[in-house]
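Asks: I have a structure I would like to understand better, so I am pasting it below and will then ask my questions one at a time.
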Amino acid sequence: MRLATWNVNSIRARAGRVVDWLVREDVDVLGMQEIKCKPEQFPLDEFEAAGYDVIAHGLNQWNGVAFASRLPMTDVETAFAGQPGFLKGAEGPDQPLEARALGITVDGIRMWSLYVPNGRGLDDPHLAYKLDWLARLREETTRWMAANPGSPLALMGDWNVAPTDEDMGDPSFVPGLSTHISPPERAAFSAFLDAGLIDVVRPLVPTGYTFWDYKQLRFPRNEGMRIDFILGSPTFADSVTAAHIHRDERKGDAPSDHVPVSVDLAAGDDDDLDRPMIF
DNA sequence: ATGCCTCGCGTCGCGAGA
């Protein structure tokens, strides 16, 4: 199985490009972020013509997450337990949920398409929202892993955090002044690794960015950021046989500012991985 | 540099993105 994540920056502006890539790369399941539309506005026909079913979760022109899959999708959730909401200018609990998380199960694998809040600025209420959102997601992930020991889980999406200095190549992001690299954001990300999740791409693709700003020739200068990740539970990580950052998708006409990230998994219906080794 | 792109909205200026 080939599984991928991609912040598409408007699916209506990018459907042709996304479907072409899915077919060309033989992708089975794609988690998308920033579809920027409601489900009834999603360009379903182009996906269905290529053999993909779509589940979309979008509330308005902002955010929005979706899955496209050639395999059956079950157990759909449009938010994780404890997910906080946000409304600009509002404070306290009971702010409305945004369309930033979508969970499904495919072939026994629990997977989430996640669009972590941007943060906007170190002094902005959106940063507190981002940190709370990540902390709540980490708590729910820990709870889920304890309740489902040994079950494969993949958290994939746009995390809006550059976890190490090697992941930040955009000179406009300044330590002490900028989001994405601040110590609390990095701590919120590394808490997932502490909880037992594994970055399944980095060991196989040790360098490279997944995002380049549209402005200031960031892509030609390769001044990008690695902020899109696939984190897996141990059993999920054990099944990963390959990983790719599809850098070429930043080229050509009307690209997203993010590129897709994919992993290949050993076939789920053979039991080679469970067979005891005999010497 | 309050800038530089790109997108959606809703009518050409603004919020949001990272």
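Glycine is no exception: its Cβ is also placed from the backbone N, Cα and C atoms.
Automatic prediction, not curation, is the source of TrEMBL annotations.
What TrEMBL shows for this protein is this:
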- A:4-258: domain 'Endonuclease/exonuclease/phosphatase' (DOMAIN)
- A:Asn7, A:Glu34, A:Asp158, A:Asn160, A:Asp257, A:His258: Mg(2+) binding site (BINDING)
- A:Tyr115: active site (ACT_SITE)
- A:Asp158: active site, proton donor/acceptor (ACT_SITE)
- A:247-256: compositional bias 'Basic and acidic residues' (COMPBIAS)
- A:247-268: region 'Disordered' (REGION)
- A:His258: active site, proton acceptor (ACT_SITE)
Asks: Under an 8 Å Cβ to Cβ limit, what residues of the same chain, 6 or more beyond the ends of the region 'Disordered' (A:247-268), are close to it?
Replies: 1-9, 13-14, 17, 21, 25, 27, 30, 33, 107-109, 156, 158, 200-201, 208-214, 219, 228-230, 232, 236, 239-241
Asks: Distance between A:Asn160 (Mg(2+) binding site) and A:Tyr115 (active site) at the Cα atoms, whole Å?
Replies: 8
Asks: I want to check the contact list for A:Glu34 (Mg(2+) binding site): same chain, sequence separation of six or more, C-beta distance under 8 angstroms. What comes out?
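Replies: In sequence order, A:Asn7, A:Val8, A:Asn9, A:Ser10, A:Asn63, A:Gly64, A:Tyr115, A:Asp158 meet the Cβ cut-off.
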Asks: I'd like the per-state residue tally for the compositional bias 'Basic and acidic residues' (A:247-256) from DSSP, helix first, then strand, then coil.
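Replies: Looking at the compositional bias 'Basic and acidic residues' (A:247-256) with DSSP, the answer is 4 helix, 0 strand, 6 coil.
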Asks: Minimum Cβ neighbour count within 10 Å among the binding-site residues A:Asp158, A:Asp257: which residue?
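Replies: Sparsest of the binding-site residues A:Asp158, A:Asp257 by Cβ contacts within 10 Å: A:Asp257.
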Asks: With a radius of 8 angstroms around the mean position of the C-beta atoms of A:Asn7, A:Glu34, A:Asp158, A:Asn160, A:Asp257, A:His258, what other residues of the same chain does the Mg(2+) site pick up?
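Replies: Those within range, site residues removed, are A:Asn9, A:Gln33, A:Tyr115, A:Phe211, A:Ile227, A:Asp228, A:Ser256.
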Asks: Just to confirm my parser: what is the rounded mean pLDDT across the domain 'Endonuclease/exonuclease/phosphatase' (A:4-258)?
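Replies: Averaged over the domain 'Endonuclease/exonuclease/phosphatase' (A:4-258), the predicted model reaches a pLDDT of 97.
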Asks: Would you identify the secondary structure of A:Tyr115 (active site) according to DSSP, in three states?
Replies: strand
